[in-house]
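If you check TrEMBL, you get these features:
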type   : residues : note
REPEAT : 79-110   : repeat 'WD'
REPEAT : 121-163  : repeat 'WD'
REPEAT : 213-254  : repeat 'WD'
REPEAT : 255-296  : repeat 'WD'
């Protein structure tokens, strides 16, 4: 488990982020496919209402329920609330699904529901990597993580009303967002440090707290529990198997033998025998009664990450980093290579005669396994005797005696969407070029969350060069692809630094010189559904005078954040312009957090209008509802305007001028003409140079409109230069400064009359 930052909640800064971040995750496909590697699988022990199901948890942050028929699997629910990788999932009791994530939480769900989270359990200080459940005690679930913590949860106690306002659990309402009825703020999940660790701020507990099994000094990667819930085993980077009594959290023994991280554990139903898989490539069988290793199996040539056994615990299926799935007879030590794939194997789940295999790819494969009578598969021949030293298989592999897989192709595949593996934010700061794991290159529009060009399998580098534009727009968002999709992060106040003229965005019905703040309009687009639902619920109060931000809240924040600037021409301008309309077919998901309850994730079309400052960052609501932006860095560009050497004209200026960074060079031309003083008559006046009425600009902090004096109706052709290079009229001052001027000092522009026109 790599220590990589979470999509919604990390920062490269060593200081805590002052304001909460808002992230939106883009989706190119419908909701029926995972878009990143599959970390976990869960199969019900028996059919539910005559239906077979498979549950998958992915690095894309979601879980899915698949309805299985003969060689058909349809996604019947997506469970979306985690804000980072889903690392493990178990089914317990009557239709309860429990999952854990790198977001530091354990969540529970009704496995037959449409995907709403029923409870969030917050006790871990770091990524939660593994879970274990007791087959015959549906209340007991154990969780382990990178913080070295192992907690044993009594789910019924966690659900009890007395637990509602403690620091370990959150109730969640039907839409998956933290309910606002809690009288106490729940644990604040993250203070971000340079190492991206999560640190909790524990409040004094007033309710249920899980049992802690204390003893691990380092990360925990694997857990297993016996059927009755009286025995728990754990393993991780300490290379030992620890055995616990989960009823008390007390240690009972420690088993040594592995020489590297323990990555997978299994217990038989009675709790006498334990199987462990390790990064040392070995599988070990332990007799807990004798407190020793009774067999070791050298089957794999690399780390063992996944184990699954038959109910009798006589055969073990194993997979890992060497891409291979083996079956081993634990008594005879016979091993057989069932199949070899393209990706490392993360988890295994036996289902009748087959075995489901999860890998670092976004697809799930079903292979034949003779699960009810594994001896059948050995009758095909090709088995070998597992060594008892880890190098024996590796040595055999080097000598060319690699076993031949029994099966060449899976019997069925649930296909995923290829994860994005490369991305480049283009200079216009509205488009992102991506390349996915299948080699397809696509162009995304960030302000609408859609793919606008699918180039297919072309050269990513060549396409990147082809799309290069010499434009300069501030970096108003950041992006990562940790979840397999584009996660676009907005942080205040930086996100409000980019503006464009409405004419450049092709917005009709708006004065073409109106400045459009890209983040503000993007937020309006993202929250359009929420805003509409809110208006239905609260009427006109949904806007500035609503109860989302009280006057007290806003005034207090205004004092602490300097003044707030109103933006745009119309107060509470809630219209969403076409360049900022998000898809409702493949809507993005929002990842954020408000003043209570910790981070959450939800599709924008599933927000119901009840969410408020407890759920959203206050600055987002202040922008969308009250039309206000926080103070930003200077959006002006200072420059000097001088005649070219030997020029026949000069203009009256007052030293240094100032204009918006997005001002186009053709506005500077207009300014020169407006202010022109002619030294001598010109023969080359050109009355046909287009100069539209009503265009306005601010140069020298003075706003002017192009009302021309009669003598100026015959206009000369003017060129603007920088560093002796003639500038295109469409260039902005920011672009000139970045690509032509290239100096820290104030920009110097020169003007001259074009001769011979």
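Glycine too: its Cβ is placed from the backbone N, Cα and C atoms.
Automated prediction, rather than curation, is the source of TrEMBL annotations.
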Inset, instruction - Mind checking which residues of the chain, 6+ beyond the ends of the repeat 'WD' (121-163), have their Cβ under 8 Å from one of its Cβ atoms? - result: 1, 3, 84, 87-94, 96, 98-102, 104-108, 169-170, 186-187, 189, 197-200, 207-214, 216-229, 232, 234, 236, 244, 246-247, 249, 269, 598
Inset, instruction - For the repeat 'WD' (255-296), give the DSSP counts of helix residues, strand residues and coil residues. - result: 0 helix, 24 strand, 18 coil
Legend entry - Secondary structure composition of the repeat 'WD' (213-254) [DSSP: H/G/I, E/B, coil]: 0 helix, 21 strand, 21 coil
